[in-house]
Amino acid sequence: MPYFVKLILLIFCLVLLVESRKHRRRRWAGQLEVQKASHIYKKNHDMTKTRKGKSEQLLRVDDHDFTMRPAFGGPAIPVGVDVQVESLDSISEVDMDFTMTLYLRHYWKDERLSFPSTTNKSMTFDGRLLKKIWVPDVFFVHSKRSFIHDTTTDNIMLRVFPDGHVLYSMRITVTAMCNMDFSRFPLDSQTCTLELESYAYTDEDLMLLAFYSSTGWYNRLYINFTLHRHIFFFLLQTYFPATLMVMLSWVSFWIDRRAVPARVSLGITTVLTMSTIITGVNASMPRVSYIKAVDIYLWVSFVFVFLSVLEYAAVNYLTTVQERKARKLREKVRFPCTCGIPHTKTMMLDGTYSEPEAEDNSLAGYTRSQIVIEDDKQDKMVVHLAMSNESNSSRKKGLKGHMGLRIIQNTHGIDKYSRIIFPGTYIFFNLIYWSVFC
């Protein structure tokens with residue numbers, strides 16, 4: 001009996017020992033699970049979902065008055081400005097402005113936005129935070145139009161660093177005025193300035209470039225853009241057509257001076273074409289009070305075309321005068337005057353006269369019907385035709401030489417000189433023009 005009781009007690013003790021060990025194992029496993037879970041919780045913990053008081057807010061925006069600039073009452077706050085041009089959209093010579101899309105970035109330090117951080121990493125916000133903090137009031141001085149892009153949301157970025165440094169970036173399209181000088185147009189280059197300035201803060205509050213206005217000294221940042229114009233477009237649209245019109249006007253120098261409709265129509269056509277080219281160029285340019293380089297070229301070309309028309313007017317007038325004189329001379333030779341000769345004489349066509357006794361010799365070879373019978377009561381003049389004994393071949397040679405002389409005389413001397421003077425002068429003008437403006 002005592003052995004049986006001892007056996008039961010031993011079995012009971014063993015059971016208790018086994019159960020206690022199982023309980024300890026379960027407790028240790030639970031602690032490990034809690035530690036793992038707590039580690040995962042700490043790793044994926046979202047700080048924005050944790051409620052904290054004002055003293056525990058990260059940026060402490062509500063604890064400061066952000067209507068005042070940083071370090072108010074102290075030295076001027078330096079604000080860095082960075083501009084990255086994305087695209088130059090358009091340049092208008094008529095309106096004298098340019099449009100570009102750019103990234104405008106501001107850098108400054110506001111110790112009121114500093115926050116503790118073990119990793120020294122910055123925090124990025126969108127445009128909603130701008131209404132709660134202080135930002136520089138920088139604007140474009142000579143801006144005509146400007147806007148911040150808002151697709152798909154406002155293109156504004158605000159980045160705050162643990163030490164209080166702030167990066168403020170936005171994407172803007174701005175149209176600004178540009179004072180252009182077209183005295184060398186289209187062989188010109190323009191310098192357009194984009195000026196940034198604080199609207200309310202003077203140089204005692206913001207540090208930019210010095211600029212004085214009626215309300216005090218302000219800081220201004222100048223950004224210069226130098227724009228070089230490509231000349232190939234204007235060569236095709238303006239210079240080549242004008243040069244071709246001038247060369248076309250020279251064709252009239254090789255046209256017969258008696259072809260009045262051909263030369264007049266050619267001259268009028270070239271003059272009207274040059275007027276159209278000049279009008280088209282001026283329509284796309286602003287109304288300035290000085291002469292442009294393209295105006296010099298076009299107006300000199302217009303003068304050359306106009307002078308070719310005047311050249312033919314001079315040729316036509318001189319030709320008319322010459323033909324009138326030649327016509328009068330032919331009429332005098334055809335109908336000579338017989339007045340004032342007192343005695344009967346025989347006048348030859350060469351201007352020599354024969355006496356009456358030599359009449360038989362002078363009338364050799366003529367029939368009697370061809371002789372004018374003298375009357376005793378009245379003196380008369382007899383005109384004899386001097387017939388040459390030259391052969392028919394010599395007559396043909398003289399006719400051909402006379403026709404060749406007429407062909408040479410039809411080309412007036414002014415046309416001959418114009419064929420050399422006009423092209424030579426125009427080439428000389430082009431050499432001077434392109435050497436000066438290029």
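Backbone N, Cα and C atoms are what each Cβ position is placed from, and that goes for glycine too.
Residues annotated as signal peptide in TrEMBL: 1-20.
For the domain 'Neurotransmitter-gated ion-channel ligand-binding' (61-208), the DSSP counts in helix, strand and coil order read 11 helix, 70 strand, 67 coil. What TrEMBL records for 61-208 is domain 'Neurotransmitter-gated ion-channel ligand-binding'.
Annotation comment: TrEMBL describes 231-252 (among others) as transmembrane segment.
Per TrEMBL, domain 'Neurotransmitter-gated ion-channel transmembrane' is recorded for 238-396.
The transmembrane segment annotation in TrEMBL covers 264-284 (among others). For the transmembrane segment (264-284), same-chain residues at least 6 beyond its ends with a Cβ under 8 Å from one of its own Cβ atoms are 93-94, 238, 241-242, 245-246, 248-249, 251-252, 255, 294, 298-299, 301-302, 305-306, 308-309, 312.
The annotation transmembrane segment is assigned in TrEMBL to 296-318 (among others).
Residues 184, 187, 246, 250, 253, 293, 296-297, 300, 304, 307-308 of the same chain lie 6+ residues outside the transmembrane segment (420-437) yet bring a C-beta within less than 8 angstroms of a C-beta in it. For 420-437 (among others), the entry in TrEMBL reads transmembrane segment.
Through the fold, the transmembrane segment (231-252) approaches residues 186-187, 262-263, 266-267, 270, 273-274, 277, 281, 294, 297-298, 301, 304-305, 308-309, 311-312, 418-419, 422-423, 426 of its own chain, all at least 6 residues removed from its boundaries and within a Cβ separation under 8 Å.
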